[in-house]
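Written out below as structure tokens is the structure these notes cover.
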């Protein structure tokens, strides 16, 4: 999940409470066109924690806040929206797709394509839910509108789990690729830490100051950098195939059925960004075109992932690593570029990804507390979370297992199961039997695949940890 671009906000002099909501939405990043002469460029994104509250009767009465009124100032074109959604979707999944294609077999690519189609459909369902009640602003709002406060709580828990597990995956990737970037460095003569681990600790220390910032517009360049890094990785793999002197003639199995549960988690993670789609919908000049935006974006990204998956699998065959960059020839300059792109990507994301959690903590603090003290506590919590992520990543350094577990345990629920459940709950009286049956089948499909994938990834993770210890 890659969640950073730009937006415009008319008033940048927010109060502390308003700033909470603004910064909590930094994780998505929405591109918008200028619609006010005095608009100033800032970073905004999704409101994970709220900013609105729906009453217990489920009638959708939302208590308006100034945060919600900001959407009136957003005017995103069709092209901007496609770029936003595509940029959000392209993330860690691109590193593991070749590994997934090789281990699942070339026929498993139909599962990848199928997930792309299903996730485009479920994004359409979210838009229908938003259209049904114009006061709904974000994913938790939809959850509360359909299933009450418990629904909102469960949806929020899953969103934060996805953020946390994604950060762990990013840090594992950082560790693995840093070790290759500095492959020639003299190994540390220490029994309790190796060179790659030490380099990862240094990288996290470098990133720590960014989590203390409240005004993320000061590091807005990191948003663009994160997206550019994703494009660099794709281009370098393509250059390896074209000019690297490696023949793309490795064999890919037809289908390895036993690996499908684990592979499905890797595939679904690549399309898991549904918590951010309400922001794109609300930012559009013509929200009625959201479905077309979804079709275009998921179509482009599915082609992107499928091409990269087959390209990597044909280049490296059974020797392909869980991260494609780790399989590329070390002597090539394009490999070094790719490795650095993967290393820099997590450093561009930590501050943005931790904002929702830190902002929730800050909102829970007493209003009488000084701004400086709130900032200190916020920064401390963000730093402690990042350090915990680091410790977990170094303790469980198995990228494909953690990524697959994230996809199966969390992403499939947020991207398939919940949107279908929301849609059925809201539109049940108006649904045809075929439409109802189709959505129920998708929920069952998601549940079965999610459970199987979670069990498979957990089992592999436990086995790897057993070997390590």
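Easy rule for this one: first residue shown is 1, then count along the chain.
Even glycines carry a Cβ here, placed using N, Cα and C.
According to TrEMBL, the feature domain 'Amino acid transporter transmembrane' maps to 76-455.
Taken from TrEMBL, the feature transmembrane segment covers 78-100 (among others). Panel annotation: around the transmembrane segment (78-100), residues 1-5, 28-33, 108, 112, 166, 169-170, 173, 227, 230, 233-234, 263, 266-267, 269-271, 273, 276-277, 280, 283-284, 286, 289-290, 292-294, 296-298, 300-301, 304-306, 308-313, 315-316, 320-325, 327, 342, 399-400, 403 of the same chain, lying at least six beyond its termini, place a Cβ under 8 Å from a Cβ of the stretch.
Under the heading transmembrane segment, TrEMBL lists 106-127 (among others).
As annotated by TrEMBL, transmembrane segment applies to 153-172 (among others). Sequence-distant contacts of the transmembrane segment (153-172), counting only residues of its own chain at least 6 positions beyond either end whose CB sits under 8 Å from a CB of the stretch, comprise 1, 27, 48-49, 92, 139-140, 142-143, 147, 200, 204, 272, 275, 345-346, 349-350, 353-354, 356-357, 385-386, 389-390, 392-393, 396-399, 402-403, 405-406, 409-411, 413-414, 418.
The transmembrane segment annotation in TrEMBL covers 192-213 (among others).
Annotation source TrEMBL lists transmembrane segment at 225-248 (among others). Within its own chain, the transmembrane segment (225-248) is flanked in space by residues 2, 4-5, 87, 90-91, 94-95, 304, 308, 311-312, 314-316, 324-325, 328-329, 332, 334-335, 337-338, 341-342, 344-345, 348-349, which lie at least six positions past its ends and keep a Cβ under 8 Å from the stretch.
Annotation source TrEMBL lists transmembrane segment at 260-281 (among others). Within its own chain, the transmembrane segment (260-281) has Cβ neighbours under 8 Å at 1, 3, 25, 27-28, 30, 45-48, 76, 81, 84-85, 88-89, 91-94, 96-97, 99-100, 103-104, 108, 111-112, 115-116, 119, 122-123, 126-127, 130, 136-139, 141-142, 159, 162, 287, 290, 293-294, 298, 301, 305, 400, 403-412, 414-416, 418-419, 449, 452-457, 460, counting only residues six or more beyond its boundaries.
TrEMBL lists 293-313 (among others) with the feature transmembrane segment.
Feature annotation from TrEMBL assigns transmembrane segment to 333-355 (among others).
Taken from TrEMBL, the feature transmembrane segment covers 376-396 (among others).
The transmembrane segment annotation in TrEMBL covers 402-424 (among others). Away from its own ends, the transmembrane segment (402-424) comes close to residues 92, 96, 118-119, 122-123, 125-126, 128-129, 139, 142-143, 146-147, 155, 158-159, 161-162, 165-166, 168-169, 172, 261-269, 271-275, 322, 396, 431, 436, 439-440, 442-443, 445-447, 449-454, 456-458, 460-461 of its chain (Cβ-Cβ under 8 Å, at least six residues beyond either end).
Residues or ranges marked as transmembrane segment by TrEMBL: 436-455 (among others).
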Closest-packing stretch to the transmembrane segment (106-127), where packing means Cβ pairs under 8 Å, from 192-213, 293-313, 333-355, 376-396: 293-313
For the transmembrane segment (192-213), distant same-chain residues with Cβ under 8 A (at least six beyond the ends): 171, 174-176, 178-179, 182, 185, 219, 222, 343, 346-347, 350-351, 354, 358, 375, 378-379, 382-383, 386-387, 390, 393-394
Distant-in-sequence neighbours of the transmembrane segment (293-313), which means Cβ under 8 A and at least six residues beyond its ends: 78, 81-82, 85-86, 89-90, 93-94, 97-102, 106, 109, 112-113, 116-117, 119-120, 123-124, 127, 234, 237-238, 241, 248, 250, 252, 270-271, 277, 280, 284, 320, 324, 327
